[in-house]
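J.: Can you read through this structure? Questions will come right after.
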Amino acid sequence: MRCLAARVNYKTLIIICALFTLVTVLLWNKCSSDKAIQFPRHLSSGFRVDGLEKRSAASESNHYANHIAKQQSEEAFPQEQQKAPPVVGGFNSNGGSKVLGLKYEEIDCLINDEHTIKGRREGNEVFLPFTWVEKYFDVYGKVVQYDGYDRFEFSHSYSKVYAQRSPYHPDGVFMSFEGYNVEVRDRVKCISGVEGVPLSTQWGPQGYFYPIQIAQYGLSHYSKNLTEKPPHIEVYETAEDRDRNIRPNEWTVPKGCFMASVADKSRSTNVKQFIAPETSEGVSLQLGNTKDFIISFDLKLLTNGSVSVVLETTEKNQLFTVHYVSNTQLIAFRDRDIYYGIGPRTSWSTVTRDLVTDLRKGVGLSNTKAVKPTKIMPKKVVRLIAKGKGFLDNITISTTAHMAAFFAASDWLVRNQDEKGGWPIMVTRKLGEGFKSLEPGWYSAMAQGQAISTLVRAYLLTKDYVFLSSALRATAPYKFPSEQHGVKAVFMNKHDWYEEYPTTPSSFVLNGFMYSLIGLYDLKETAGETLGKEARSLYERGMESLKAMLPLYDTGSGTIYDLRHFMLGIAPNLARWDYHTTHINQLQLLSTIDESPIFKEFVKRWKSYLKGSRAKHN
């Protein structure tokens, strides 16, 4: 400083210091005004993390109707995320939650003169927490990330409408059922080893066969078979020495057991005969498949016996064994052993099992209405073990076996149709307050319709008249009112309606009625002019009713599930979004087989409700 003072006079020095001080003050003020505001990223204060998917049910998707409450109808499909440009000034995911240039202050928000919540004010704008918005307006949102940036995505609804294919045909894909996964629903206890179809626990933890679920199981696998590529099939045993297409795996035959290839005249082929006491290790075939998990084998037992499959799993690589036993026990789980009864199997039959489903249903077994969630999955099909005395043939593992599942459902429907043409539902159903309970043995028009759609497809594939005959007899309950053990109701003494739930008073459920009409359409188109006459008459009367009554289900912002508000004089039963999209999907299908403009008009309007549109007010 002394050196500087010696060279510069004091006036100049004072001016320099003053300028320096001024610059410092200006810079300080600028830094203060540009300071970044911390924008809340803690989702509990404004954003919801969980996705729009509710996932299995209407769906049947969701868990796929609570595979979503997961009971979402499986009409909704997860859509592939598309690349999007980052939001300008958005959140930086690299630890930064600062948004430059924003100023806000906390403000009290009085809601309907009832209670107060905290909001944020920025100039003339006021922002409310999304956790409040989503509950108040019943809307949906989630934070997603694109190229390192977070973006909030808002949706008025959670369910999607599928794109209608070309005109609907009775031998084609059934609606969007290729997206249904009935067996993974938590209200499906398991796939019965004896019957080969799902056992439901929706209205009772004991489990019961629900015709709607069984028909949907068949229709979903039929539709998947049409839309998916053919499965990869690995053949492990055909008992034919000359068959070079099979894997050269050897059987292990412990002491005291027997295994040989023998001729079977009834099949005109060789088969594998085995004798292995229950107390032995059993004869075993190494498999080692790590890609596919649908196992199939032909089996004939001469005594009590079992076929077991050892699986290496994702549960710390532990081995679990699924036993298919010649009894009628439904399912059991002990330690790491899962048991399914498959019946006596004293004549040749094919056993086809989804090892993923069988493993997960076993590990998740509970005494409640829902299977316990589990993350366990098979990693490898290690080996097959046979015990008892009997024969095996055609051991394969494949990617899928859709037609086996479809025909399991079709055959069950034929075997379990009663003398009145219906599939009685053997569980009590209470639809709601004001309705009398439906006691075990009731019919459902939705079950009749979807069963007909299943049987028609089985007939068209096989030309086996037993399927068509069963479908024709299934029209009988359509003709009788609920008081006479039928499914028919009449609205305002004029419009015939086929009840999903034939309650007293009538409930007029919309989606079940439309499924019943689709079944009648499939039958009238397949059976021909003479045999299909009754189905045609029932279908035409039902379509007249639908066209007349459709406006009753429109709220101006969504749809109504049934007409209990009219029949009971209570609040309307609004359709969840997955049921709303089911209504749209059904109308889309009907619009391809009926040229009435009403269907396309309602489809257009009901689709707009999914994006928040509302009918005009006065």
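The backbone N, Cα and C atoms fix where each Cβ goes, glycine too.
As annotated by Swiss-Prot, substrate binding site applies to Tyr180, 185-187, Gln202, Tyr210, Gln213, Gln216, 430-433, 500-501, Asn511, Tyr515, Tyr561, Arg564, 573-582. The Ca(2+) binding site annotation in Swiss-Prot covers Thr238, Glu240, Thr269, Asn270, Asp393, and the record cites similarity to another entry as its basis. Marked as site 'Critical for catalysis' by Swiss-Prot: Tyr180, Arg187, Tyr561, Tyr579. Marked as topological domain 'Cytoplasmic' by Swiss-Prot: 1-11. The annotation topological domain 'Lumenal' is assigned in Swiss-Prot to 30-618 on the grounds of sequence analysis. Annotated transmembrane segment per Swiss-Prot: 12-29, in sequence order, evidence recorded as sequence analysis.
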J.: Tell me whether Tyr579 (substrate binding site) sits in a helix, a strand or coil according to DSSP.
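T.: Reduced to three states, the DSSP call for Tyr579 (substrate binding site) is helix.
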J.: Whole-number Å only: compute the distance from the Cα of Glu500 (substrate binding site) to the Cα of Arg187 (site 'Critical for catalysis').
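T.: That comes out at 19 Å between the alpha carbons.
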J.: Given the recorded positions Arg187, Thr238, Glu240, Thr269, Asp393, which lie within 10 A of Gln202 (substrate binding site) by CA-CA distance?
T.: Arg187
J.: Looking at the binding-site residues listed here (Tyr180, Ala575, Tyr579), whose Cα lies nearest to that of Asn270 (Ca(2+) binding site)?
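T.: Nearest by Cα distance to Asn270 (Ca(2+) binding site): Tyr180.
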J.: Pull out the binding-site residues from the set Thr238, Glu240, Thr269, Asp393 whose C-alpha sits within 10 Å of the C-alpha of Tyr561 (substrate binding site).
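T.: Within 10 Å Cα-Cα: none.
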J.: Determine, to the nearest whole angstrom, how far the Cα atom of Glu240 (Ca(2+) binding site) is from the Cα atom of Tyr180 (substrate binding site).
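T.: Approximately 38 Å lies between the Cα of Glu240 (Ca(2+) binding site) and that of Tyr180 (substrate binding site).
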J.: When you rank Arg187, Thr238, Thr269, Asp393 by Cα distance to Lys430 (substrate binding site), which of the recorded positions ends up on top as the closest?
T.: Arg187
J.: Between the recorded positions Arg187, Lys430, where is the Cβ count within 10 Å the lowest?
T.: Lys430
J.: When you rank Arg187, Thr238, Thr269, Asp393 by Cα distance to Tyr579 (substrate binding site), which of the recorded positions ends up on top as the closest?
T.: Arg187
J.: Based on Cα distances to Thr238 (Ca(2+) binding site), point out the closest of the recorded positions Tyr180, Arg187, Ala575.
T.: Tyr180
J.: Work through the binding-site residues one by one (Tyr180, Thr269, Asp393) and name whichever has its CA nearest to the CA of Arg187 (site 'Critical for catalysis').
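T.: Nearest listed residue in space: Tyr180.
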